[in-house]
Amino acid sequence: MMRRDRLLLAATLTAIVSADLYFILLPKLWNFGRGSGQFCSCGPDNLTLPMQGGLATPRLSNWTSVSPLAGTTAHPADGGSKLERLFAHPLYSIQTPYSGLDSVTKSYTLFNVPLRRHMKLFSGAAALSNTTLIGHEVTFDPDASWLKFHLGISRYALYSRDDPAVPQLLKDMARMRVVNADYTQDEKALKGTCDCTQVVKPSGHHLKLALKMHNFAKAMFKPMRQQREEQTPEDFFYFVDFQRHNAEIAAFHLDRVLDFRRVPPVAGRLVNVTSEVLQVTYTDDLRAVFFTSPANNTCFFAKCLYVCKTEYAVCGSPDLLEGSLSAYLPGLSIAPRISIPNPWIRSYTFSGQEEWEGNPFYCDTIKQLYPYNSGNRLLNIIDMSIFDFLTGNMDRHHYEIFTKFGDEGFLLHLDNARGFGKHSHDEMSILAPLTQCCMIKHSTLLRLQLLAQPGFRLSDVMRESLEGDPLRPILTEPHLLALDRRLQKVLRVVRRCVRRLGENGVITRDFCLNSFTTSLSTKTG
């Protein structure tokens, strides 16, 4: 009897392995084999960073069209969509390095379990997960967009260019039913304490909530703190600036337009703070900070409002409150991340100064340190500084990476709410990594040059992309025009570097151009 059971078990396992081989591995190997003949001659051995180690090269696929975000309606004067044309450009068809081989060796995606098998495993547990909370049914949906988003995270980006789960997730976050509201983990870590002697308050002091949805999705809610036409007051330090909900939304769209894809999906939403926060929270501390204003509006505040005078209540009208919903990343228990200090971190004191602020050769020191002395980490830092300069975010004190992907994984661009505060000022110090290191990825430079052309103007494609958000308009016109002005300043910095060091010393070739003919000039002069 035991022998028969063992034979049955062995036969079952053999069938599963055979199915995996036939339906998953063999097609990938076949596609990889067919594409191998198209690899360009510039292999990893021929690719080097300026004065650094090699960098793996992506290859370019044929022209492919990537749909703009759902709800996009704006069109340029010529009757066509600039955003659609942008995403159909060859520069937005660059494939990840050796993607076929990487996916077969299971080092490409965050989760190794194939999607179909993952769904099947979860379906068996769904019945056990379904619960009811204060009249709200909570049901696990194996086809939920948030789950597909998590499963699509790869070594090179949070989502692929044509991932249908992302536009669907944006739609879902704007309408999913909220079944629970609570403080975020960093705010819970404060345990109700508030030290007013600190110049920089811990992140938990900022007013934000974790909202759980009916299908186990989770999103971070940041309420509106500042009107769109308002700018950051001149006397504000960057570390006490407001956190703006529209900045979170705009940063996601800019990140996608730049083809970084390192910001989790963010959507705007009108939240009923009574029915979707107060009435669904089980946290006494959160209930205790709600009150009704003299205007009969429902309001709430951060726990330290009346101790530290820097936090102010937010109010609905009378119950509805604008805010941003940012999709949560997979939990740290299943997808560990580490937070690393930014080498160009600012001084978070009223009078202090960091070394990079006074030493123009600071990058030479950084280039000698691990992990910035090889691979693409330093280039990714420079990408991040360009992104932050365009948004005006001076508060990038740390960055995060997924531990699974190691040193070559991408940097997560999280917490962007302090961007888009001053459209009338361009903070050049944010570009210090670029100006001091004089290095940039070729792919990044080409996309920046493309977005500087009239047919793909950055402000135009951003305006069109943001039209798809429920809270449109997200940015005022001066902020959109500031993007074009700042983009020109980035390109001028690169031109100065090229004049001083030459193209080979500045531009890092991170992909091959011989697989398509582009009309873009690769010159920076």
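Note that Cβ sites are derived from N, Cα and C of the backbone, with glycine treated the same way.
Quick look at what TrEMBL annotates:
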| type | residues | note |
| --- | --- | --- |
| ACT_SITE | Asp395 | active site |
| BINDING | Lys222, Ser326, Ala327, Tyr328, Leu329, Glu400, Asp415 | ATP binding site |
| BINDING | Asp415 | Mn(2+) binding site |
| DOMAIN | 290-505 | domain 'FAM20 C-terminal' |
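Within the group of recorded positions (Asp395, Glu400, Asp415), the Cβ with the highest number of other Cβ atoms inside 10 Å belongs to Asp415. Taking every pair among Lys222, Ser326, Ala327, Tyr328, Leu329, Glu400, Asp415, the residues recorded as binding ATP, the greatest CA to CA distance is 20 Å. Listed in sequence order, the binding-site residues from Ala327, Tyr328, Leu329 having a Cα within 10 Å of the Cα of Asp395 (active site) amount to none.
The most crowded of the binding-site residues listed here (Ala327, Leu329) is Ala327, judged by how many other CB atoms sit within 10 Å of its own CB. Less than 8 angstroms from the CB of Tyr328 (ATP binding site) sit Trp146, Ala210, Ala217, Lys218, Ala219, Met220, Pro264, each of them six or more residues away in the same chain.
Every protein chain shown contributes to the tally, and the Cβ of Lys222 (ATP binding site) ends up with 26 other Cβ atoms within 10 Å. In sequence order, Ala219, Met220, Lys222, Glu248, Phe252, Pro264, Pro265, Val266 make up the list of same-chain residues 6 or more apart from Ser326 (ATP binding site) whose Cβ falls under 8 Å from its Cβ.
Averaged across the domain 'FAM20 C-terminal' (290-505), pLDDT in this predicted model comes to 93.
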